[in-house]
Amino acid sequence: MSYKYPYLNTDMPDKTEVLQKTPNTATKMLIEKIEADGNETYLDRFASQQPQCSFGLKGTCCRMCQWGPCRITEKSPRGICGRSQDEIVISNIIRALVSGLAAHGRHAHEIIYTIKGVAEGKINLKLKGTERIIEMAKKLELKISNKTPEQLAGEIADILIEDLSRMDNKNIRLLEVFAPQERKDVWGNLDVLPRSASYEIMEALHMTTLGSCTDWRAIAGQEKRSALAYCYSTLFGSSLATEILFGLPEPKETEVNYGIMKEDHVNILVHGHSPVMIEKVLEKIKLPEIQQLAKDYGAKGIVIGGLCCTGTELLARYGIPTVTNILGQEFVIGTGAVDCVVVDMQCVIPGMKILADCYGTKIITTCNSNRIPGAVHLPFDPEKPETLDEDAYTIARTAVEAYKNRDRSKIKIPKETTKAYGGWGYESIVKTLGGISNIGKLLKNGTLKGIATVVGCNTPKVAYESNHVTIVKKLIEWDILVLTTGCCSHALLNAGLCSKEASELCGNGLKKVIEEYNVPPVMAVGGCVDNTRTLRLFIALSEELGIAIKDMPFMFVGPEPGNEKTVGQGMSFLMHGVSNLVGFPAPIPVPMPKPIAGSADGEMDRGSNNIADYFGGNGALEELGAKIYTEPYPELAAQTIKMHIKRKRNHLGWK
Ligand code: BF8
């Protein structure tokens with residue numbers, strides 16, 4: 001049985017259909033095991049939630065004051081205050097976007113203040129990214145001579161903090177130095193240049209509260225401003241700051257997937273987004289006394305595996321194997337083999353702790369913003385770093401000690417391991433592919449037809465990971481190079497698409513590139529904030545070829561949107577002129593067909609509103625040179641991407 005998604009005229013899968021259609025073989029076994037153990041996962045809760053609220057699906061429920069909630073219907077086309085559908089829909093979208101901006105902002109805050117702490121000698125870590133420090137110091141026109149990398153990093157951190165918090169009417173510095181001039185002119189003409197993450201969050205919430213702005217176009221303007229703050233203050237801010245702290249990523253050959261866990265080892269998973277504490281914990285785990293402790297409890301060693309974006313960060317830096325993504329975090333606990341999960345911030349679902357209690361898995365939280373009742377809590381605060389080493393040691397010890405409490409009757413680890421060549425960064429992609437001008441040539445002569453960044457979360461609205469994998473298999477068959485981040489990258493890593501062996505699935509052009517340059521067809525470039533790396537590549541290619549990004553054969557693809565953070569991801573690329581293909585609209589609107597009243601055969605009216613027409617029609621296209629396509633069926637989504645890229649190539653006169 002499947003569930004209806006009425007406004008997209010599509011179906012969503014139940015558990016049986018997920019079992020039939022997911023490409024992830026390891027999870028099939030785990031879904032059945034968890035059910036046999038009498039435990040529930042998101043799949044059961046998704047079923048309990050059906051049918052989902054149709055107003056929520058359309059974004060037409062207003063909860064921005066306490067007179068409501070109000071819903072838009074034919075009978076009531078306005079909320080109690082008089083707010084129209086357009087105003088409600090755009091307000092819901094911008095509130096989701098700035099919520100994601102706040103999350104990335106908080107992430108950036110932790111990393112940037114860690115740099116400050118290290119630069120001032122208060123945090124016992126070393127800055128490993130000298131190359132990035134020098135590059136940024138030059139771009140930001142800092143005086144470099146006679147300064148240590150630490151001094152320069154401290155000055156850069158101050159600028160990044162200003163970009164997060166500036167209240168006066170000045171531009172975000174990272175935008176000034178990293179954005180292409182063509183775009184700065186477009187944004188300037190639209191009057192959407194942002195001040196800072198904090199200011200734009202404040203203004204977005206202000207504009208959408210009761211009795212504030214009722215001009216949806218003005219709110220859409222603030223949406224664009226907030227998206228640019230999201231992109232340059234918090235994506236560029238966190239990603240570059242992490243590289244200052246931990247160094248530039250280098251691609252690594254490794255093995256990923258559930259099978260990296262071992263029954264006779266201590267299995268520790270690391271989860272979240274901001275890997276400062278975990279960096280220290282890894283240092284402590286290597287200590288002979290901690291390794292010995294594991295042996296004393298009868299374990300043959302210690303396995304570390306990565307979840308979500310902390311996982312992809314550690315893959316990039318140390319080749320630590322990734323295991324799974326946001327919707328896999330319950331499945332992996334269901335193996336019964338996880339002794340401990342150390343989490344930092346974001347995308348840790350409550351369901352994971354519920355299952356952890358069923359399987360005797362210890363959870364350790366390390367961020368004050370991410371508390372979980374019943375978990376051991378040892379927070380890292382870059383402004384109070386005195387106990388960092390001591391706490392990291394306690395975490396390492398506690399995680400290993402958890403091994404002795406494991407319930408051995410419930411262990412079942414899937415055998416699947418998958419080869420992967422992941423951990424790409426902007427510099428390593430450019431270098432490995434022979435330089436920017438060579439990548440430009442490969443695009444121009446049609447060896448590569450285009451570049452798609454396929455990213456984002458999982459959604460229960462499709463069979464687990466099926467849209468990510470189906471779309472990307474098609475794209476590489478059509479010689480479209482794929483870059484990926486976040487939860488999508490876990491799906492593609494586990495499906496074997498981030499390894500050179502996936503060459504057999506590729507078209508002749510991409511095959512040639514794989515052989516000649518020793519790269520995989522799908523390049524995992526880190527966590528969600530590392531979409532910066534892809535944007536830098538797009539900007540560099542556009543500048544090299546002298547062609548605006550909006551005219552290049554590029555596309556942003558978010559097949560399975562979930563977290564509020566993903567709204568800003570797509571918008572960041574849209575602002576640069578890169579069209580989006582998203583699997584599901586909410587909360588980004590598309591024309592929403594509705595049954596025609598009195599129609600016996602369920603005929604649908606296209607339905608429309610100004611917001612839908614703006615993002616999916618000519619509005620954004622005219623202003624930004626890009627638009628949002630929505631297509632939940634992966635085969636059709638892949639066709640849409642192919643057509644979009646073909647259209648761009650035709651326009652450029654490229655074969
Ligand atoms: O930032 S892809 S579910 S883990 S939000 Fe979260 Fe979505 Fe995963 Fe990383 Ni991104």
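For all residues, glycine too, the Cβ spot is worked out from N, Cα and C.
Copied over from TrEMBL, here are the features:
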BINDING   Cys53, Cys61  [4Fe-4S] cluster 1 binding site
BINDING   Cys62, Cys65, Cys70, Cys81  [4Fe-4S] cluster 2 binding site
BINDING   His273, Cys309, Cys347, Cys457, Cys487, Cys528  [Ni-4Fe-4S] cluster binding site
Neighbourhood of the [4Fe-4S] cluster 2 site (Cys62, Cys65, Cys70, Cys81): other residues with Cβ within 8 Å of the Cβ centroid, in order?
Arg63, Met64, Trp67, Gly68, Pro69, Gly79, Ile80, Arg83, Ile88, Leu210
Taking the Cα atoms as reference points, how far is Cys65 ([4Fe-4S] cluster 2 binding site) from Cys53 ([4Fe-4S] cluster 1 binding site) in Å?
19
Listed in sequence order, residues not in His273, Cys309, Cys347, Cys457, Cys487, Cys528 with Cβ within 8 Å of the centre of the [Ni-4Fe-4S] cluster site Cβ atoms:
Cys308, Asn325, Ile326, Gln346, Gly486, Gly527, Asn563, Lys565
For Cys81 ([4Fe-4S] cluster 2 binding site), the same-chain residues 6+ apart in sequence with C-beta under 8 angstroms from its C-beta are Cys65, Trp67, Cys70, Leu210, Gly211
Packing count at Cys62 ([4Fe-4S] cluster 2 binding site) (other Cβ atoms within 10 Å of its Cβ)
26
Under 6 Å from ligand 1 by Cβ, which binding-site residues from Cys53, Cys62, Cys309?
Cys309
Can you tell me how far the Cα of Cys457 ([Ni-4Fe-4S] cluster binding site) sits from the Cα of Cys53 ([4Fe-4S] cluster 1 binding site), in Å?
21
For Cys487 ([Ni-4Fe-4S] cluster binding site): intrachain residues, at least 6 apart, with Cβ closer than 8 Å:
Cys308, Asn325, Ile326, Leu327, Cys347, Gly456, Cys457, Asn458, Glu560, Gly562
In this structure, which of the binding-site residues Cys53, Cys528 has the fewest other Cβ atoms within 10 Å of its Cβ?
Cys53
I'm trying to understand the geometry here, so how far is the Cα atom of Cys528 ([Ni-4Fe-4S] cluster binding site) from the Cα atom of Cys53 ([4Fe-4S] cluster 1 binding site), in Å to the nearest whole number?
28
Would you kindly give the Cα-Cα distance separating His273 ([Ni-4Fe-4S] cluster binding site) and Cys53 ([4Fe-4S] cluster 1 binding site), rounded to the nearest Å?
30
What does the structure give for the C-alpha distance between Cys61 ([4Fe-4S] cluster 1 binding site) and His273 ([Ni-4Fe-4S] cluster binding site)? Integer Å is fine.
31
